[in-house]
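Trainee: Handing you this structure, nothing more for now.
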Amino acid sequence: MSSSNLKGFILAVVSSAFIGSSFIIKKKGLRRAGVNGPRASSGGYGYLLEPLWWIGMVTMVVGEIANFVAYVYAPAVLVTPLGALSIIVSAVLAHFLLKEKLQKMGMLGCLLCVVGSTMIVLHAPEEESLSSVQEIWDLAIQPAFLLYTASVIAVTLVLILYCSPRYGQTNILIYIGICSVIGSLTVMSIKAIGIAIKLTIEGTNQIVYFQTWIFAMVAVTCIITQLNYLNMALDTFNTAMVSPIYYAMFTSFTILASAIMFKDYSGQSASSIASELCGFITVLSGTAILHSTREPDPPLITDLYTPLSPKVSWYIQSNGEWKQKEDEGSTPNFITVLRQDYFK
């Protein structure tokens, strides 16, 4: 591993620790906010007034900054899979702090995610150095990447406008799908901005190019969208499930986007590509195991005063046999037992 990739590796590990912790802190903040007003999953924004949620946001920002710098030094196919470590952090913390029980098979799923990520990291390609943001812009306007960008926008609009209102509360893939596909464009934009900042610090001013500002606007728009739907996913579903599924989908789309834009796999041997593919399949297998061991969230009680339908059993003995008659809707304070013997 080159020194540049090593720096990216260390920063990615630090990033995963902070981001994994932020899931738990923000979820606790969302729970507190949901007690006093509309939940985020219902379109409420009361969590913006909750200090604990902002602590989680600060934690996530620190993690994202470390992640941001990691992308400057290493390719996305190396940095992104290391997000598996955030799965371990969030799953363990959720088990102890949120009482979201992690089954033994769930632990195996986490282990598979880490093993798969390790395989990907060990066979990650070296990134070609870029000397200006204009070079990145030329890569971004390739026909293949423009087609990918158009596809991402189309899928996102369908998920937001059609699927989210209908299935967002019951299907975990809707909110996370929005975060993941948009997230792939976020990473590409952030990588461009990071390289522009690095080159500017080194003496080659990149701020004067309009491409830098376009990448910045794309990144801000994508990040806001991601945060909104990630909050909705966290407030609706079990954190131990949101984190790994988000990781798997986000990693998949990011690696795909990076492969199209930066041609990461160009010049790699067939064995290296096969090893990375096996690692990716291992990660997906771990995610599937985690999903299969999910414990359903308790139903949300909307009306504490909704009466339960009482059921009263009346026992009657006739001709030596006991017969049961059920009466719905009655509210007696006792059960009447009629014995034929008493009337003889």
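Cβ coordinates are placed from backbone N, Cα and C, and glycine is handled just like the others.
Source: prediction; values computed, not measured.
Grabbed the feature section from TrEMBL, which reads as follows:
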- 6-25: transmembrane segment (TRANSMEM)
- 45-66: transmembrane segment (TRANSMEM)
- 72-98: transmembrane segment (TRANSMEM)
- 105-125: transmembrane segment (TRANSMEM)
- 145-163: transmembrane segment (TRANSMEM)
- 172-197: transmembrane segment (TRANSMEM)
- 209-230: transmembrane segment (TRANSMEM)
- 242-262: transmembrane segment (TRANSMEM)
Trainee: Between the stretches 6-25, 72-98, 172-197, 209-230, which one has more Cβ pairs under 8 Å with the transmembrane segment (45-66) than any other?
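Mentor: Comparing 6-25, 72-98, 172-197, 209-230 against the transmembrane segment (45-66), the winner is 6-25.
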Trainee: Within the same chain, where does the transmembrane segment (172-197) have neighbours whose Cβ lies under 8 angstroms from its own Cβ atoms, ignoring anything closer than 6 residues to its ends? I mean 6 or more beyond.
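Mentor: Here the qualifying positions are 68-69, 71-72, 76, 80, 130, 133, 136-137, 140, 149, 152, 155-156, 159-160, 163-164, 206-207, 209, 211-212, 215-216, 218-219, 222-223, 225-226, 229-230, 232-233, 236-237, 241-242, 245-246, 249-250, 252-254, 256-258, 261.
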Trainee: When each of 6-25, 72-98, 105-125, 145-163, 209-230 is checked against the transmembrane segment (242-262) for Cβ pairs under 8 Å, which one has the most?
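Mentor: Between the stretches 6-25, 72-98, 105-125, 145-163, 209-230, 72-98 has the largest tally.
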Trainee: Taking 6-25, 105-125, 145-163, 209-230 as candidates, which has the most Cβ pairs under 8 Å with the transmembrane segment (72-98)?
Mentor: 6-25
Trainee: Checking distant contacts: for the transmembrane segment (145-163), what same-chain residues at least six beyond its ends satisfy Cβ-Cβ under 8 A?
Mentor: 139, 171, 174, 177-178, 181-182, 184-185, 225, 253, 256-257, 260-261
